[in-house]
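The block underneath contains the structure these notes are about, expressed in structure tokens.
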Amino acid sequence: MKRSIVTGGGNNDKKFKAQPPPKNNYRGGGDDEEDDEFEEDDDEDEGDEFGEEEDEDDIDVENIIASDSMDIDIQDDGSQQLFLWSRKPVQDLVPHKKPLIFQQLEVDYTEIKEPVPGMPGPKVGPLPAIRLFGVTKEGNSVLCKVHGFLPYFFISCPPGFTEADCKSLKHDLNESMKMSSNQSNEKDIENIVVSIDIEKKKSIMGYNPNPLSDFIRITLILPKFVTRCREIFESGRHHFTIPGQPFRQYQTYESNILFALRFLIDKGITGCSWIELPANTYKLSETPVSTCQIEVDTSLETIISLSDDDSPAPYRILSFDIECAGRKGVFPEPEKDPVIQISNIVKNNGDAEPFIKNIFTLKGCSSIVGAHVIPHKREEDLLREWRKFVIKVDPDVIIGYNIVNFDIPYLISRARQLKIPEFALLGRIKTTISKIKSTRFSSSNLGTRESKEISMPGRTQFDLMQAIQRDHKLTSYSLNNVSAHFLKEQKEDVHFSIISDLQNGTDDDRRRLAVYCIKDAVLPMRLLDKLMILINYTEMARVTGVPLSYLLGRGEGIKVLSQLYRKAMVENFLIPTYKVTGKGEKFQGAIVIEPTPGFYDTPIATLDFTSLYPSIMMAHNLCYSTLLSAEEAKKLPPEIYTTTPFGDHFIKSDTKKGLLPRILEELLSARKKAKDELKNEKDPFKRAVLDGRQLALKISANSVYGFTGARVGKLPCLEISRSVTSFGREMLDKTKKIVEERYTIANGYKHDAVIIYGDTDSVMVKFGVKTVAEAMEMGRDAAKFVTTTFIRPINLDFEKVYYPYLLMAKKKYAGLYWTKPDIHDRMDVKGLEMVRRDTCLLVRNVVSTILKKILIEKDLKSAEEYTKSVISDLLQNRLDLSMLVITKALSKTQYKGKVIHNELARKMRARDPATAPNLGDRVPYVVIQGSKGAPIYEKAEDPLYALEHNILLDCQYYLDKQLKAPLIRIFKPIMSNPDLIFHGEHTRTIAQSTLSDNNKGFFGTLKKKKVCMNCPKELTDTESTTCINCQHKEASLYQTSLEKVTSLETKFSEAWTQCQRCSGSLHQPVLCSNRDCPIFYMRTKVQLDLIEAKKTLNRFNVEW
């Protein structure tokens, strides 16, 4: 059941009252860090909680575990199923003889009450322990607890402060920390501040030719104390002073980095890397706290990070989906509506097929080929058994579609309502319940989205909906539309309003629901494989060094910050902690050389700068550590620094190479290596890994510039970002000047070259030659020559030729794309409506067809005639509703004015809050006819509502506001007067609505009066079909009506059969309401047309 709607959480029943967890057991998954330590990306914001969250101290975990039977109640081939579910047993693990090697997938930390004997660190608790969850090559699950790592941060060392002052500072800071605490148990901790040390470092901000200077390192006992201690220094909290120093505020360094990420950076471990624990450096946990097969304790000092070139481990992936039985007209709510089915698909990473496909059902269900049906009599049993199934299968990664915002929260809230406390123990830590909190994520690329964050230690939740929203721009993100787009297949969508009827029906009815539910678990797994999503994200985690779970829940900044911290640590640089304000000076973006619009029937060569922004940063050594102020620059010889076109100053690389340029060099060098290996690799799986790696490296390199320019980022630097774009503008102008001055008739060439357009990193050159081969030759020569005028590694590359080329405006063009002189690769379109998401399908299809006729067929007359026929069909309501649906993202809750999709969302919320669009969703709508002068936002309507209520669309709006502008843009460079396309015989017949008793009029014209079927004459009471003057044509009219009914019946039968095939049965009625499927609207339209056609045919009073 895939819905983008998220309903409220659980009840307020404080059923579980708690005892503390058993001694030496671990109690949580890093949820004790203070809030702002989790705000790793500045575009995150925490919202209200989902339902009610219980702390672990509110749950009697001890009693739950004691009463939690893991006996699984399944029928028929139960022993075989249990064997399939279980992992392979561990073989020959002898800690003092053999190393333990595993791939870590999830990293977090917990607090332990007492230290583990033999492990480093303080000898009195509480203490933090890093937890690495992973899988061995044999497929065994691992929990490795790393001891001895403590949180720390730095402050600048005041003058006169020495090693002798460290002890008194530690004492005073401990006292201040205890005074500021409102927790009694914190006051009992002897040393919140574990140590004060002086280290030689330097700040990354600004060029500093001097040697390293003193900084104070403050080490604390637990991560949750970092924020409070930082505030003491930054804000002068409690007027704290360093002994012997006047009262002042201090700049802190590296005080807002997540504790688990700090560990990975300090140990040189990347996300999803392989870990080795050498023999005799680890021991099996005496009191296991997890459900992992292997649980060990080890020291911080002995853990080893291995090369990340090895193949991924065979980790287990669970894809699941749930179905709920809602009440009539109400979207399911966990407080009231039962979970009736849960489907599951399980496979090992790297395998082609799943080894588990089953479905847990409430009540009986007919058998399903290829799936194991596990029925239950009570909902409580279904939920308990499914949770046991999850624990038994022990998945490393849980996937699905919208599971984070719907399925998992619904299951947890429903179990709470049914008083099943053990259900929330879904993670791998036996005493840690899964908690849910609401978050709000914002970024310039992705907009604002509300989401949930679910703690499930040891299991990575990977919501395919979130991944696809991040990586692909689609008109709709429903599972139906995504599957149609990527897998080229539609799926049946059973509306939630009829699910209860199916559930209350027969075993066969529930089987139909089960087939639908299973498909919603199968499709995410297929999308995962098709798009190589997990492979690509795993490689991104390795490249950037962050845990896999950070990549979906956080923005781009965390990835760059991780790389910057790693490089800074090696160089003894410190990264300052700044308050995020979201304010700052804006700067001019990239230049666009003004286009010369036209239809070019000669080849246009395109020259592209390779990795433009990274290349500029490397060429000019742009970095935090090389930045000079104007005053500092005046004191230095001008030959050792660069002055950017914007007037900023940076030290040149031969004096001091910056960290950012070195990071970029390593990323691009590694990408080149991955691409070279990809060319020679034959194994499909290894090819996918290498391709994912080179893509991750490319994205990471391109993200560095954006990181410096993010005004709400962790380390914004306007001087870097504006310098990059100013160099880019200068380079485009220089390229234009060189090409137009060199390739001229005066210099011996056949034509004068002209730059007809330039945008950010590309220039389009008209050399005047007649063939693609000639344009390619001159393009290569020009790229090579211009490159010699720039500083390395800036490189201008010839990439392609457009021929023919239709240039309409800035960022709006189309052409045939050639990389070989003999045949074009494809039709390439930029900025036009066929690639935009805020236009209806009609516009995209029409623009695409017209461009094919102009560019490929080179038949302008055919393009004109086709356009006129579409306009005629539109004005006469002969088009499917699916062609006229528009979608826009709901990115804000409040807009300055009345915005069409926001107003529709309000209207839908008033009708049914449960099914209304949420923040971040794309809102589909159609424009209906309204009163004269009505604003457009009043005429927006939900397509399904319009369909069900037979509301006539405003076809004139679609012509004037959707079709006309893009068509004028296309035809203007080709025709002398493109407006003529919108006038003429084909525009004279326009469908009008005359309301009948039942308010019909959605797809056709309805008449008030009974008139002759051949002429406009009104009929008498004795006439039913034709007037007396047209009676001789009655037979012909009858034949036409009969043929129309027959044709519509055939169309309806074909649509009905197609829908039946999609549902998996040719013997059951069609229930699908997939609004992303054009067949759904076509079937309904044909059905309505057929009703009207039969009414017309019945006027002939023919006896059958």
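Cβ coordinates are placed from backbone N, Cα and C, and glycine is handled just like the others.
If you check Swiss-Prot, you get these features:
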type: REGION; residues: 1-60; note: region 'Disordered'
type: COMPBIAS; residues: 31-60; note: compositional bias 'Acidic residues'
type: BINDING; residues: CYS1012, CYS1015, CYS1027, CYS1030; note: Zn(2+) binding site
type: ZN_FING; residues: 1012-1030; note: zinc finger
type: BINDING; residues: CYS1059, CYS1062, CYS1072, CYS1077; note: [4Fe-4S] cluster binding site
type: MOTIF; residues: 1059-1077; note: motif 'CysB motif'
Non-site residues, in chain order, whose CB comes within 8 A of the mean position of the CB atoms of CYS1012, CYS1015, CYS1027, CYS1030 at Zn(2+): VAL1011, MET1013, ASN1014, PRO1016, LYS1017, LEU1019, THR1026, ILE1028, ASN1029
Intrachain C-beta neighbours of CYS1030 (Zn(2+) binding site), sequence separation six or more, cut-off 8 angstroms: CYS1012, MET1013, ASN1014, CYS1015, LYS1017
Whole-number mean of pLDDT values that fall within the zinc finger (1012-1030): 84
For CYS1015 (Zn(2+) binding site), the three-state class that DSSP assigns: coil
Distant-in-sequence Cβ neighbours of CYS1027 (Zn(2+) binding site), under 8 Å, six or more positions away: CYS1012, ASN1014, CYS1015, LYS1017, LEU1019
Neighbouring C-beta atoms (10 Å sphere around the C-beta of CYS1015 (Zn(2+) binding site)): 11
Packing count at CYS1012 (Zn(2+) binding site) (other Cβ atoms within 10 Å of its Cβ): 19
Assigned element (helix, strand, coil) containing CYS1030 (Zn(2+) binding site), judged by DSSP: helix
